[in-house]
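Engineer: Per TrEMBL, the features are:
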TRANSMEM  B:20-40  transmembrane segment
TRANSMEM  B:52-74  transmembrane segment
TRANSMEM  B:95-122  transmembrane segment
TRANSMEM  B:128-151  transmembrane segment
TRANSMEM  B:158-177  transmembrane segment
TRANSMEM  B:206-226  transmembrane segment
Amino acid sequence: MTTIDIDHVSRWFGNVVAVNDVTMTIGPGVTGLLGPNGAGKSTLINMMGGFLAPSNGTVTLDGEPIWRNESVYRRIGVVPEREAMYDFLTGREFVVANAELHGLGAAEAGKALATVEMEYAQDRKIATYSKGMRQRVKMASALVHEPSVLLLDEPFNGMDPRQRMQLMDLLRRMGAEGRTVLFSSHILEEVEQLASHIEVIVAGRHAASGDFRRIRRLMTDRPHRYLVRSSDDRALAAALIADPSTAGIEVDVTEGALRIQAVDFARFTELLPRVAREHSIRLLTVSPSDESLESVFSYLVAA
Amino acid sequence: MYNPTVARLTYRALLGRRRAAILFVLPGLLLLIAAAVRGFNGPDDQIAADVLGGFALATMVPLIGVIAGTGAIGPEIDDGSIVYLLAKPVKRPTIILTKLIVAIAVTMVFSAVPTFLAGLILNGNGQQVAVAHTVAALVASIAYSALFLLLGTVSRHAVVIGLVYALVWEALFGSLIEGAKTLSVQQWALAVAERVTGDGLVASDVGLPAAVALLAGVTVAATWYAGQKLRTLTLAGDE
C-alpha cells in the first residue's frame, strides 16, 4: 500500500502560477487527474514523479520526500507524456535498458513487453512505431520493476479505441492488484470509464475531489444554456417558463432565437420536445451554448 | 560510479546521430593535410609541430570535444528522453561520470589517434613530435569532455556556446592574446607536450605544474557541478 501525499503544494514559473495550494492524497486504486489543457496537471505529475521541485509545500511517498530522492524510483513507475525515447533502439533493447537500470534483466523486460502485448514488434526500431505502440513500450519500461505506484501523463493521447481499451484494462487490473495508479486526462469520458476516484484541477487549483458519480452529477446539474429557434418563439417561451426546470428565458430579437437557462438538465431535455409537440411548435434549432469543457470546469470551480 | 547501461545508451546515441559525421570528417581532414604537407615539404620537425599544434590541437580536438561532450547529454535533456535515466534508482553523479567516460573515450579515439597518425605521416615521430601531440590531445580530451558535458547539462545552446569557445577562444584568442592563453585548455595540454618533445618545437605559455593543476581542477570541478545540476534538473511540462 503506497500513498502519495501532496500537502499545500504550489509551483510557479517566474510569475505564472501553475499549481496553486493543492492538497490531495493519492492512494491505491485508479485515480484520474482531470482538467482542461494547461490546468497544471503535468506540473503536478512532474512533482509527483520527482522531476520538479514544489515552490511551496511537500510531495511525499509514504512520508518520504520525492524531490532529489532517487530511491523512490524503486517504487514509482513513470510514463511521461513526451514522445521522445531512444528512437535508435528496438523496443526490446529499450525495455531491457530500463530493466538494467533497475538492476533487473532481459527476463523482466520480456515479461513487461508481454504485459503490454508488444512482443510482436519488439525487434523493430522505436523510430518506426506508431504513437500507440510507443505508448505501450513506454508502459512496459515503467512496469518492468513492478512498481507500487504508476504515474501516467495523458496516456490515452493519440491512441486508437482498441489500444485505449487495452490500456484501460491493464490499468484497471493494476489498480485492482492494490497498486496506486494515477493518470491525467482532459477528457471526462476517459476518466469516468477508468477511475473510481477523480481529482479535478482547473487553472492550477484543486476544484473537486471524489468518486466520478459525484463529479458527474456536479457537471450535469449545473445550469445549462441553450439557444433555441422555433416556429413560435414567444409561445414556446411562455410554456417553458411555467416549468421549474427553466430558470430564465431571453428573447433575442436580433438573433431571432430564445436563450434559455435550464437548471434541471434531465427534466428540461424531456420537457422541451414535449412542450413543443403539445403546442404544435416546430423546433428549428436546439443547441447548447456553453458545452465547452472550460465552462464545465469553471462551473465546478465555482461550485 | 560507472553504469554500463548508461554508457551503452550514450555511445549509441553519440555515434548514431548525423552530427557524428563530423567525428569522421575532421580526423580525415587532418590526415589529408598531413599527407599533403609531407608531399610538398618532405619530413620537417618544425612544420610537423606547427600542423599538429595549429590544426590538430587548436581546432580539431576542441571541436571533437564539443561534439562528444555536449552530445553525450544535451540532446537527451533537450528532447526529454533523459527522463528514462532519471526515473531510476541510479545516482545522478554516476550518470554524469559514466557519460563523461564515454565522451572522453570518443574524444580520445577521434582526436588523439588521428593526431598520432598525422604525426607519423608528417615526420615519422621525429623528435617525439607525434607522441608529444598525442599526449597533449589525450589530456585535452579529458578536460574538454568534462567542460562540454557540463555545458550540455546546463544550457540548451551548448553546441553554439561550445563552438564559439572552441573556435574563437581556443583557436583565435588562445594563440594570439597573452591573457587568454593562461585560460586555455589547449595551452595547458601544450605544456604537457612541451615536456615530451625535443627543445623548442612546442612552446606553451603555461608552466607544467600550473597546467596539470588547472587541467585536473577544471575536470573535477566541471564534473562535480554537472552532477549537482543533474540532481536538480527540472523537466518542465509542455504547459
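Along the chain as shown, the residues are counted starting at 1.
Cβ coordinates come from backbone N, Cα and C, glycine included.
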Engineer: Considering only the recorded stretches B:20-40, B:52-74, B:95-122, B:128-151, B:158-177, state which has the highest number of Cβ pairs under 8 Å to the transmembrane segment (B:206-226).
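Structural biologist: It is B:128-151, which has the most Cβ pairs under 8 Å.
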Engineer: What else in the chain is close to the transmembrane segment (B:20-40), if you only count residues 6 or more beyond its ends and a Cβ gap under 8 Å?
Structural biologist: 14, 47, 51, 55-56, 60, 63-64, 67-68, 71, 106, 110-111, 113-115, 117-119, 121-123
Engineer: Residues of the same chain, at least six outside the transmembrane segment (B:95-122), with any C-beta under 8 angstroms of its C-beta?
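Structural biologist: For the transmembrane segment (B:95-122), the sequence-distant neighbours (Cβ-Cβ under 8 Å, at least 6 residues beyond its ends) are 1-3, 6-7, 10-11, 14-15, 23-24, 26-28, 30-31, 33-35, 37-38, 43-44, 47-48, 51-52, 56-57, 60-61, 64-65, 68-69, 71-73, 85-86, 129-131, 133-134, 137-138, 140-142, 144-146, 148-149, 153, 223, 226-227, 230.
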Engineer: Let me spell it out: take the transmembrane segment (B:128-151), skip the flanking residues so only those 6+ beyond its ends count, and list any with a Cβ under 8 Å from a Cβ in it.
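Structural biologist: Tertiary neighbours of the transmembrane segment (B:128-151) are 45, 48-49, 52-53, 56-57, 61-62, 64-66, 68-70, 72-74, 96, 99-100, 103-104, 107-108, 111-112, 115-116, 118-120, 122, 158, 161-162, 185-186, 188-190, 192-198, 201-202, 215, 218-220, 222-223, 225-226, 229.
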Engineer: Taking residues 6+ outside the transmembrane segment (B:158-177), which of them lie with a CB under 8 Å of any CB in it?
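Structural biologist: Tertiary neighbours of the transmembrane segment (B:158-177) are 54, 58-59, 62-63, 65-66, 69-70, 74, 148, 151-152, 184-187.
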